[in-house]
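Novice: Pasting a structure here, questions to come.
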Amino acid sequence: MSGIAFVEVRTRAGQEDRSAPWRPVVRNGENHATFYDTRMGNFDANPFPPQTCQTCAASLTGKYGNERCHGHFGFVGMPRIRPGSAHSDSDRLVVLNPHLAMDADRLFRAKCFFCHKFRAPTFDVERFRQALVLADHGLPGDALHLLDTVPTAKGHDAMLNHRRMANEEIVNDVSILQSYVDRILRQRASGCSEEDAKARVTMAQKGTVDVRNDICNMAISHLRSFSGPCSHCTAISPTFLKRGGIIFFLFRKSNLVTNIAKGFLTQQEVSEWEAVNRLHGRTGTYFDGRQMLFHMKNLFAKEQAILGLLYPNLGEPSVFTKTNKVVPASERYKLFFLDRILVPPLPLRLSSGVRVNDNGLIIPDEQTRALSDILGFVEQIECFHTLSANSTNGRSFITDAQRAVNESNLRNLQQKVDEFYAEIVNSFAKKEGLFRMNMMGKRVNQACRSVISPDPFVEPNEVLLPRPLARALSFPEQVTCFAPARMNLLKHCVVNGPRKYPGATHIELRHANGEIRSVDLNVPEQTRRQHAARFFAMAQSGVTLIVYRHILNGDRVIFNRQPTLHKPSMMGYRVKVLSGSKTIRFHYVNGNSFNADFDGDEMNVHVPQSIETRAEVETLMDANINYLVPTSGRPIRGLIQDHVAAGVLVTLRDKFFDHSTFVQLVYNGVGPYIQENVGITLAELIPIPAILMPRPMWTGKQLISVMVRFSSGLSAASDCGREIEGGITLKGTSQIQPSAFDRIPAGSCDAVRAKSGAVVDSTVMFANSELITGFMCKKQLGASNMSAPHHVYELYGPHRTGQLFAAFGRVLLLALRKEGLSLAMDDMFLVDEERRCDLLRKLDDIALDVPDEEATAAPMIADYATKIQQEFVPQRMLVPFPKNHLLLMTISGAKGSNLNATQMSLQLGQQLFDGLRVKRMNSSKTLPSFFTNEKRARSFGFAMGSFASGIRPAEYTIHAMAGRDGLIDTAVKTSRSGHLQRCLIKGLESLVVHWDRTVRDSNGSVIQFMYGGDGLDPCKASTLTAWEMMKDNVVDVSKRFGGDASESVAGAEDGAAAGLKEMRNEDGKPTTEAVQNAHMEQQLSTYPLPASLDKSLSEYLCKKADFPLFRKVSTLARWDAKQQLKERLQQRRQKWVGAFEKTLADITARRRLWALCEPGEPVGLLAAQAAGEPSTQMTLNTFHTAGSTVSHVTEGIPRLRELLIYASVNKAAVVVPVTNATEEDEKVIAKMLRAGVAAKLTDCLAKVTDGAGGQSASSSMQRNLNTGFGKGYHYHVARGRTGMVITVSFLFSRSCLEELRKRMCMSPSEHRQSFTEALKNVVRLIMRSLSAVPREKESGDGSGNTGGMKGGSGRADRKRKRSGPDDGGGPLGGTFGDEIMRIEEGTDSDDGMSERSSIGGGRAGSEVSSLHSDGTDTRGIAGSDTGGPQRRRGSVESGRGDDASDSEAADPDLYARRSGSPARDAEDGGEMQDRDGTDWGGTSMQGVVGYDNFPEIHMSFTKSNFGAVIAPLSTAAAARDGVVQLHEDFFIVNAVLRTASDVIAVIPDVVDNALEAQRMPSWLPQFGSLTFTRLKDKGSGQLVFQGPGSTMRNVMSFLSLFTVGIKSIKLHQACSTDIRDMGTYFGIESGYAALYDELNKLFNRYNVDPRHLSLIADTSTHRGRWENFNFTGVISTSASPLFQMTFASSKRWLHRAVSRGMSDDLESFSSAIMVGERPRVGTASVRLSTDTAILRDVLERNFA
């Protein structure tokens, strides 16, 4: 710091001279610098005169100093201990460095307070040191293995992670450990040179940064957690406390006594600490800076070895200069403290907003104000030390109050320093911070922005720029004497100046000595002429002259629309400047690339500022070149709307043009290109007319053919009588099918079919660029795969495709102007309106007879609506197609869809909200205009009206609601998808294809050994297997890509293929071509054609390809007469197959080499864009698709966030395929379906809903609402002064329990134990909700302990003891890792009571009538208050006026009696022998399990006033308490809960939640739901496991018990939607495959190339675990701290980089952009060289 800051500021803000604040303030004969001292930079603030930097003036030549001075640092010194002494500057107090405060606190907690070593044993310290040594040598695996296998001194790690391999030596001594590591290092270093070893270590260290950081964190955590006496000196260290950044230490009294006894402390020291603490009113002792410095110095001196590895680069300067030096390891402790605070340079602080008030006082900025506050505390502390220095033994100027104030000042000084540094760090963080706002998003000068407009007459790769924008932008062009014309143009621009077009803004002169001079041309014209004459003469004498001219026609610019979601959103264009234009104009064909709709959108234009960049824009970024989108490898550019409609109108079979119109259309289309093709005239392009008499007429198909033939490089040679070779040949389908021409007359139900011509035109066929049949609809003119423009792109290149689009656009627009296209009301009317109304009435009533369920009614309504739509649109339209322009637009794909036509003419249809119909309100209505519980389709949002007929107010309301819901969904989805794409961009930005075809990240780690598995570029490989295109166009494909031969069809007598002719010239070749051919042959041998492609080609040629097997029908007749027809046809086909197979294989091999992804390609960015751009189209919310195999599965953006952002799945599902199941297998599956679903305790309750004792339904309803009766339980509350007693009586059904027992495959005793454990868990959950008790303390007696149980209960009990009641599943459910959560699905049992049974009759019924309104009777089912009226919520009763509450809550005996203890009723026939639970009675006399005779269970909790008793109520006890006529299937279990008197809760909600969450423990793994979804094939389907416990381990364990010998259940094909579960159970490769499959399912409909998805999946799993694309996953593993700081949590990454002294080699994109470095990608990943020796060496090595 002393090397960059030499101006000490000693004057607080506000104390400077108001007239000259930069002048030093004189105090005691010393000059004290102010915060505005000019030695820290230029001072320029109104109303003061500007002052130059004195530091620059002293070091630079000239009296004016440096006008561009950025300033110099000053500093604020910490308090001097002896202010008046000569060495006061070197003896200062220190404060803790805020950046390293956290690390210092950890070290203080880990060290011994007395011997200043780590308290942990030496072996533990050496263990971590050797692990770091291995990591630094590039051996992270060995380092982690060392920590796993070598235990600590106490053997903790060995017990938890016992992974020692067989015959591995035991390391338990420091010397053995050191020799063990040395041996590993020697083994790894053997066999390689020293240079290779260093290179290997350097490369490995970059990829192991995260492992090293993990080891450092583990080491510090372990050393800090070591408790007890020091292992070296046996002293006991204090406890450190940190409050507000201040550290205190505190000794326990017992520890003080021990340390004093051992001599580590004296009583005097302790007394001094206690006196100071009493003075400040605290218990801890302040740990001041001098004490911290002393302790840290000794720690670094004694633990230098381990600390040097924990902080390896700490103290190293980021940039080495002459004044910088490396801090030795023994002095690195000084970096944890600060003795001075840097003051930012003066210009930086002045630019932050310095203001001057009316009194002339400078109002400082935030940083200056904070530094001034620090300086104020420094002055106060120095005053204290001055008084202390002047004090003597006989006379002291220091009082206790002053000492207290001084300590307070010291603490405040530390806090102010922390706040100052925190403000600096916060300026980096978040979106508005310096990293993301300023350093990542750079402002560019040569750019403009304006509104865009479409222009069909401009070229597709041209942009029309308004002249004002062209004058505002400039391009630097160097003047060269070898181009006189260009030199004269630049001289003319200089003379015109910046205001006249074409002109120039300024010129730049670069001399040979490196001097650069800039001359502004905003001067008078005469001066500009002089500049032009003088400087252009200098250009001829060796001076480099650069003219910054205006943008001219032909310049290249980058056109961009935000948001830039993918690569085509930023493309290169050729400029054409227009004087009258006010907006930026470009062709329609580019709208889809930018997602621009010309409704006021604005776009950006960037002008490249170098010749190299301009060349890259022209050759790599040109709009024509970006015809295919990297997301899918399919076309993204295409004509839209009016052009498509015109294409259909032009290509109708009855469309003809006369000569003048046809020639005019042809000239408009290809006129701009005729001059470029020498030798082709307009007359040669006109074909023979289709109709000769009575006058020549040409068809629209001929017009299209002329455009395609011209783009294919062919002329109209069809009249020359010779056969045409070349031109595109394709066979595709049209979007207009023959059904569009069908009509259904009024009053009829039979459709009148289309004519044969319409059927023929439904197939688009080109032969040698001649359109034979078909309509030019969206499939041919739009952005469609394998369309005519796509064929032109693949065969003739991108620029021919651009010409074709431009010609199509001009021709079709001019033709449409002649034809016209408008929409009339007749186009929306139907023929048979009465039938429409009748069918819609039937649709409205169709849901009346079906259950009111979404899954039943909605599909039925949708199917019927679809049938109506198919009948009416387009068959029953008043104006038929193609005269109906509404149908013309929707069917051809020009605008809208069939749904829009249906809504305009027929009906609006069903309105959906998140995929569901509108729901009913609390009034059981969907809208006030409908009836209660109405089930008609209209009431659920089906709009019967159309836009032509009008809609009703209710339909309008629901339609508006659905539109609003969609807008909200879009708004939320935009932010979610934007964050998703940003995370993907950051996580994948550094993935680049390297020279060896591998994909590596910035760390050098290999992500993929071959990009995408095959190394092919998605755009280049999109048509690699388009065999039909290659076969039909083999001549042109061979011309473009080369090959040994291509097909040549000659007219042989038998019509067979005449053979193959050579396409290459075998004469003398130039050297360049020879080298290229040699390189191609070498590459073909290195990368041969894969067998899969060869097999695919053979299958196509043998099974799918069509060949002309004959030319004359007479030939067939002759073969048939000789009975050789089949044989001859097969022979001819085999000849064609043989002729094509070798040729196409050779071409495909060459095309595959050409399609390999180029080194330097940023495939990571392309993959992130491919996944991020379609995510904007995904639905946001979770939805359930009808018929889906896995229901309730998160889809869309939430699912993507689970997979990529969080790497955690909320609702996992395991799918197991089933194929060809037999009847026996079906029985096993049915058994599994019953046994696999988790049984809930609420399924066993007898839910009584009828009134008892002849009571009315109303009274029964009141009872249900008040007491929970009807839910299967009853509760009662008794409140007293000392506590509250809650009695919950559960009514269970024996038959339901027995059915569950059979379903769960358990013995009677096991199931009874499961039942009691479930009861205990329910009580735990209730008590936890009431008292917030985290876990049960202990059981009151032996009866509450259920003991062991078959099926692994001991293991379950151990897990329960370890996990507590949070496991939810009890001691058995916890075995399978289940957690307490709401179960989604379950099986509800019947009520379990016959109609003749009743509860509470007789005595209970008579007592109900005598109850008072204040609830004086408090007995429940166990007593006689069956219908006792309580408050509305039934949760808490008042203790006042209740004669039973106080005594009941206070009397423990009464509390025990309320539980209905069986011990009290043993004489009533119970089979219980005692309370110890030694004999549970087995089963009852009826052979059913005795669920009602278990011993009472006592439970106590951590709070003494909380407890519970669970006991069954015997039949005799129930009868004695008033419960009569209890059905023999039912029994009652009482749970009496004792809580504090101040507990307030809604008892029904608490009990309901506990019952719903509790499952019956089972020895079998259990799941939330288990379904079998059948497929179309008989006996085939899928087993789907969902809910808690749906893991692969549980599913496999469950299936292994049922599938022995069953082959139909494919266990090896089981798959889980939880990627981590798959990776843990099967291995990380299985996790990768599962993640890839999940991504493929999500992006399948968006045609995302599999290579992108595989790269994303590989990036997420390549480190052996499933990592997210967030700061806790992929981002955290990067070795670039600058890259991490630009993502999120800047403070965290900055602290780690500073504390660990991490460096950044700028390999990542973000780090390179931050510092202005060119990212090493694309053309920047290679270096161009003109050295002929290098070229000769390459040629000799590869082609000699």
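The backbone N, Cα and C atoms fix where each Cβ goes, glycine too.
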Novice: Can you identify, from 212-224, 953-965, 1603-1615, the stretch that Swiss-Prot calls region 'Bridging helix'?
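Specialist: That would be 953-965, the stretch labelled region 'Bridging helix' in Swiss-Prot.
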Novice: With helix taken as DSSP H, G or I, strand as E or B and everything else coil, how many residues of the region 'Bridging helix' (953-965) land in each class?
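Specialist: The breakdown for the region 'Bridging helix' (953-965) reads 13 helix, 0 strand, 0 coil.
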Novice: For His72 (Zn(2+) binding site) and Asp601 (Mg(2+) binding site), what Cα-Cα distance in Å is obtained after rounding to a whole number?
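Specialist: Just about 46 Å between their Cα atoms.
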Novice: Have a look at the binding-site residues Asp597, Asp599, Asp601 and say which one has the shortest Cα distance to Cys56 (Zn(2+) binding site).
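Specialist: Its closest listed neighbour, by Cα, is Asp601.
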Novice: In DSSP terms, helix, strand or coil for Cys69 (Zn(2+) binding site)?
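Specialist: Looking at the DSSP assignment, Cys69 (Zn(2+) binding site) belongs to neither helix nor strand, so coil.
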Novice: What other residues of the same chain, not counting Asp597, Asp599, Asp601, have a CB atom within 8 A of the CB centroid of the Mg(2+) site?
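Specialist: For the Mg(2+) site, the extra neighbours are Ile452, Ala596, Phe598, Gly600.
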Novice: So if I measure Cβ to Cβ from Cys69 (Zn(2+) binding site) and keep only same-chain residues at least 6 apart in sequence, which ones fall under 8 Å?
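Specialist: Spatial neighbours, sequence-distant, of Cys69 (Zn(2+) binding site): Gly41, Asn42, Thr52, Cys53, Thr55, Cys56, Pro347.
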Novice: Rank the binding-site residues Asp597, Asp599, Asp601 by the number of other Cβ atoms within 10 Å of each Cβ, and give the residue at the low end.
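Specialist: It is Asp599 that, of the binding-site residues Asp597, Asp599, Asp601, has the fewest other Cβ atoms within 10 Å.
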Novice: Tell me, what is the mean pLDDT of the region 'Bridging helix' (953-965)?
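Specialist: Its mean pLDDT is 86.
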Novice: If you draw a 10 Å sphere around the Cβ of Cys56 (Zn(2+) binding site), how many other Cβ atoms fall inside it, taking every protein chain shown into account?
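Specialist: 22, counting other Cβ atoms within 10 Å of Cys56 (Zn(2+) binding site).
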